Amino acid sequence: MMWRGLLYHYRDYLPVTEKTPMISLNEGNTPLIRLENLSEKLGIDLYVKVEGANPTGSFKDRGMVMAVAKAKEEGSSTIICASTGNTSAAAAAYAARAGLRCMVVIPDGKIAMGKLAQAVMYGAQIFAIQGNFDEALKMVRRLSEVAPITLVNSVNPYRIEGQKTAAFEICDQLGKAPDILAIPVGNAGNITAYWKGFKEYNEKHQTGLPQMRGFEAEGAAAIVRNQVIENPETIATAIRIGNPASWDKAVQAANESNGKIDEVSDEEILEAYKLLAREEGVFAEPASCASIAGVLKQLKSGEIVKGSTVVAVLTGNGLKDPNVAMDAAAIKPLVLPNDEQILFQHIQGVVHQ
Ligand code: F0G
């Protein structure tokens, strides 16, 4: 059967009515890949939910298709968001699809190149403020209260509705919920959405509930430290957020599920980023790899025990952030003259080693 996107496939679980425009870029239905090499090495059954396979390369498409459809259904002509990059890419794409105007507010100089390229290409109006994500979000929240503009950040409940479908897919792909769901935490909308999704699916299909393990970047770990971080810093710019909007809901998800909100350092994130690509052929953006870094950390600490079934959410595609990749990788292209013999010599040297 042809996949027709989330609004169609999960219409019985979503606020879809006869009046809802059934827009789609064929989002959702993303792969759940078993990490064969790392599972063997670590002694757990480790899977990744590859959300970078969505049409704009991140999980944001799940929430955005729902939020944009409802904005259009309600007669809005313009959507707006603050973003560390992925939300703006998804908003711009779905707005283009639905024929709405899109405005995005981003922290100047702090979003990955690929994400900016997307917003530009999809035709959004882009405002780069000399401030951070938290400040941008505060501004667009106030703006949306006084102007006829629909806010499509994850404080828009339709975003959470769309994003919860990833939990449904994991349960269907595994046959049940995993023991542990590891997920990066920035503004904390996604962990909120997954927990809602697991609970709803369990009520309908008795798929069980995972422990929710959320991971903030150490330099932006507001929830872990229990304080707002005024100047968050991390190489994982997607989660460079110091005052998460869904803070309480993330804490609730961790508490209700017997899970935890934890933190990982930039070094741990980069290690996981390289490991995943090199050992498994899976390239996810740095923020996504906070989930893998978290799994490695909690295996060491004993908080994840051998034999567990673990799903790590890879929220965004590695191609989004080519600059971090080029800086992180030890391998660089070897530049040679345009000469077959020289090339052969180099390759033979490698093969004979
Ligand atoms: N991973 C990636 C790749 C993200 O882009 C984000 C958030 C997160 C994880 C964290 O998800 O905020 O629901 O806890 N990106 C937002 C944006 C903030 O503007 O694209 P969260």
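Every residue, even glycine, has its Cβ placed from backbone N, Cα and C.
TrEMBL annotations: computationally assigned, not manually curated.
Predicted, not measured: the structure shown is a model, and the values here were computed from it.
Binding of pyridoxal 5'-phosphate is attributed by TrEMBL to Gly186, Asn187, Ala188, Gly189, Asn190, Thr315, and the same site annotation extends, among Asn26, Asn29, Asn37, Asn86, to Asn86. Regional average pLDDT for the domain 'Tryptophan synthase beta chain-like PALP' (23-316) in the model is 98. The record assigns Asn86, Gly186, Asn187, Ala188, Gly189, Asn190, Thr315 to the pyridoxal 5'-phosphate binding site, and the maximum Cα to Cα distance across that set is 14 Å. Of all the binding-site residues listed (Gly186, Gly189), Gly189 has the fewest other CB atoms within 10 A of its CB.
Around Asn187 (pyridoxal 5'-phosphate binding site), the same-chain residues six or more apart in sequence whose CB sits under 8 Å from its CB are Phe133, Leu137, Asn153, Ser154, Ile241, Pro244, Ala245, Ser246, listed in sequence order. Note: the Cα of Gly189 (pyridoxal 5'-phosphate binding site) and the Cα of Lys60 (N6-(pyridoxal phosphate)lysine) are spaced 10 Å from each other. Annotated pair Gly186 (pyridoxal 5'-phosphate binding site) and Lys60 (N6-(pyridoxal phosphate)lysine), C-alpha to C-alpha distance, rounded: 13 Å. Separation of the C-alpha atoms of Thr315 (pyridoxal 5'-phosphate binding site) and Lys60 (N6-(pyridoxal phosphate)lysine): 8 Å, rounded to the nearest whole number.
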